[in-house]
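A.B. asks: Once you've had a glance at the structure underneath, I'll fire off some questions.
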Amino acid sequence: MARPAAVRVLWALLLPLLLGSARGLRNASQRTFTIDYSHNRFLKDGQPFRYISGSIHYSRVPRFYWKDRLLKMKMAGLNAIQTYVPWNFHEPQPGQYQFSGEQDVEYFIKLAHELGLLVILRPGPYICAEWDMGGLPAWLLLKESIILRSSDPDYLAAVDKWLGVLLPKMKPLLYQNGGPIITMQVENEYGSYFTCDYDYLRFLQKLFHHHLGNDVLLFTTDGANEKFLQCGALQGLYATVDFGPGANITAAFQIQRKSEPKGPLVNSEFYTGWLDHWGQPHSTVRTEVVASSLHDILAHGANVNLYMFIGGTNFAYWNGANMPYQAQPTSYDYDAPLSEAGDLTEKYFALREVIRKFEKVPEGFIPPSTPKFAYGKVALKKLKTVEEALNVLCPPGPINSLYPLTFIQVKQYFGFVMYRTTLPQDCSDPTPLSSPLSGVHDRAYVSVDGVPQGVMERSNVITLNITGKAGATLDLLVENMGRVNYGRYINDFKGLISNLTLGSSILTNWMIFPLNTEDAVRSHLGGWHGPNNGRHDKTFAHRSSNYTLPAFYMGNFSIPSGIPDLPQDTFIQFPGWTKGQVWINGFNLGRYWPARGPQMTLFVPRHILVTSTPNTIMVLELEHAPCGDSGPEVCTVEFVDRPVIGAPPTPGHPPPDLSHRDLRLDYV
């Protein structure tokens, strides 16, 4: 009889544990996020819930600073954050997926969860976001006739494969599975796109449910305009709207009610500022206007996401563009409550006070703005021209083609390609080099036998007079300035996308060099000495003093010793420089263009700086450097402790009419 007694004792010990486990499972299964249609609200775990969210794009904020920015958002009174997942950020080449380091979206979402923030996820596949090609990978254009954002079989196959990788990673992070993701957006402002393909939306809806389950809350977002909701909304996807300050809030939500007669009011993008373009004024929206409008939205009982709460930076080549072609700058500051560098602003505290009137705001310490340091001027010397460095920039050598090939055709998705041919005739008198179909996408830096001739620019300068002898080498260094991210023109091919003519003759027999600038910069282009491609041993007298050959410049600087808490964030500016790209310690900070503005400084986050060895700066100046050739041997860049992103527009680039904010809508 000892055996049954032992069993009874063991059972007595195990029973509380088993009951506890059962309660835990039941509690996990009780985590729900649903819509209460009878009371026009969300329910979180069965209780009424309203989210006040802010947009942060993990792809625009260094991982080093994710926690700092998220904490500041929480302390502002937000209970959720919203983020996009840019497909091209994670799948740069077909089948090559990147989910670590800066691309670790799972870690970002888990970090938000640890800090007590819910997550509204917008995985696309198209995201807009002023991001290159709206987040769609450029390699989709390998099929030139592909119809993006539609039921095109090739497009759907790529989407199916991509979301088949991404969504299973997101499933454990759904709220009902113990994670922070409460809702997930399908596509993005689809009603603003010309295809209006309901079969495409149904395909996405089924795909999301297949990977995430049927209890996931899916939604759409469109402009507060009835025509947008006609194509953007679909039964089974909760329709929300977006609009900015100054809009008629009652009228905007009445538009939502035409698609969703019952359910919570939601503004998925309440604009705290606006985007910028090169050559136009920095966009700002007055704090009191944003605060007043937010107050009215919350007074309506609506849910809201503040787009952006922090804008961040378009590092490297990630910026997008709008039509008629205007590229966005490196800074995505957006005049948001947190600045590009994560600094607290007047707008931050004003919006926090508005939120405090409606919801409990966390008490306690708000992480301060990060300290900035002015490291001063750094001398740079000319390293090599692009032409001299071709063997390092393009180790496999050129691709030969009778007619020009696009970036896509040579599988160069970002950066630069050198196009080379010879002049078929003497051009002793200035002779027009033309792109009759405006086929230079986006800027071409033109030289003949090493003599700069000028710049051709998409939709702006399509003809350039050049001189040279028959048989002379004609070089065009073509820059991809960022793909269109909004509207019907997102199939944005780069490079020479149509033939060039010299006089009346079509130019043929091209040598095409796709440039691997990232690897070349990391190797310092092979150092100061090396072959110069065998053609130009001397500096030539330039046809125009306005231009020098595109060239790399390099310098070093050390972080001062004896000062605590260094390195610190800083900003780099380019006095006397014109336009180009800059790297620090191999990290591609992005584009500078002080000749056009409005952005004059680039944000330098401290985590890319080192204290143990000198820091290396590499600059690719495309148009005119303030040193080298006929100028001084050394030129400088300068590190300052304040940003300048709102310089006046340059002559020839008048400010736009911003009387209505969504200028993009004219080009859907």
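The backbone N, Cα and C atoms fix where each Cβ goes, glycine too.
OK, Swiss-Prot features for this one:
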SIGNAL    1-24  signal peptide
BINDING   TYR84, GLU130, ASN188, TYR334  substrate binding site
ACT_SITE  GLU189  active site, proton donor
DISULFID  CYS196-CYS231  disulfide bond
CARBOHYD  ASN248  N-linked glycosylation site
ACT_SITE  GLU269  active site, nucleophile
CARBOHYD  ASN465  N-linked glycosylation site
CARBOHYD  ASN499  N-linked glycosylation site
CARBOHYD  ASN546  N-linked glycosylation site
CARBOHYD  ASN556  N-linked glycosylation site
DISULFID  CYS627-CYS635  disulfide bond
A.B. asks: Could you list the residues of the same chain, at least six apart in sequence, whose Cβ is under 8 A from the Cβ of ASN546 (N-linked glycosylation site)?
C.D. replies: GLY454, GLU623, HIS624
A.B. asks: Out of TYR84, ASN248, GLU269, CYS635, point to the one nearest the residue listed as 'active site, proton donor' in space (Cα versus Cα); all of them are recorded positions in the record.
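C.D. replies: Checked the recorded positions TYR84, ASN248, GLU269, CYS635; minimum Cα distance to the residue listed as 'active site, proton donor' goes to GLU269.
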A.B. asks: For ASN556 (N-linked glycosylation site), just give me the three-state DSSP call.
C.D. replies: strand
A.B. asks: Can you tell me the CA-to-CA distance separating CYS635 (disulfide bond) and ASN556 (N-linked glycosylation site), as a whole number of Å?
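C.D. replies: Rounded to the nearest whole number, the Cα-Cα distance is 13 Å.
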A.B. asks: Look at each of the disulfide-bonded residues, CYS231, CYS635, and point out the one with the fewest other Cβ atoms around it within 10 Å.
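C.D. replies: Lowest Cβ count within 10 Å among the disulfide-bonded residues (CYS231, CYS635) is CYS231.
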A.B. asks: I'm trying to understand the geometry here, so how far is the Cα atom of GLU269 (active site, nucleophile) from the Cα atom of CYS627 (disulfide bond), in Å to the nearest whole number?
C.D. replies: 46
A.B. asks: Let me know how many other Cβ atoms fall within 10 Å of the Cβ of ASN188 (substrate binding site).
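C.D. replies: Other Cβ atoms found within 10 Å: 26.
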A.B. asks: DSSP secondary structure for GLU269 (active site, nucleophile), reduced to helix/strand/coil, please.
C.D. replies: strand
A.B. asks: Fill in the CA-CA distance, ASN556 (N-linked glycosylation site) to TYR334 (substrate binding site), as an integer in Å.
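C.D. replies: Approximately 32 Å lies between the Cα of ASN556 (N-linked glycosylation site) and that of TYR334 (substrate binding site).
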A.B. asks: Expressed to the nearest Å, what is the distance separating ASN188 (substrate binding site) and CYS231 (disulfide bond) at their Cα atoms?
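C.D. replies: Just about 12 Å between their Cα atoms.
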A.B. asks: Can you check which residue among the recorded positions GLU130, GLU189 has the largest number of Cβ atoms within 10 Å of its own?
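C.D. replies: It comes out as GLU130.
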A.B. asks: Counting across all protein chains shown, how many other Cβ atoms sit within 10 Å of the Cβ of CYS196 (disulfide bond)?
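C.D. replies: Step by step: centre on the Cβ of CYS196 (disulfide bond), count other Cβ atoms within 10 Å, giving 14.
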A.B. asks: Specify the count of other C-beta atoms within 10 Å of the C-beta of ASN499 (N-linked glycosylation site).
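C.D. replies: Result for ASN499 (N-linked glycosylation site): 16 other Cβ atoms within 10 Å.
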A.B. asks: Would you count the other C-beta atoms found within 10 angstroms of the C-beta of ASN465 (N-linked glycosylation site) for me?
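C.D. replies: By my count, 14.
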A.B. asks: Out of ASN248, ASN556, CYS627, which has the highest number of nearby Cβ atoms, where nearby means within 10 Å of its Cβ, if these are the recorded positions?
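C.D. replies: Result for the most crowded candidate: CYS627.
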A.B. asks: Quick one: largest C-alpha distance among TYR84, GLU130, ASN188, TYR334, binding substrate per the record, in angstrom?
C.D. replies: 19
A.B. asks: Which number gives the other C-beta atoms within 10 angstroms of the C-beta of TYR334 (substrate binding site), all protein chains shown included?
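C.D. replies: TYR334 (substrate binding site): 28 neighbouring Cβ atoms within 10 Å.
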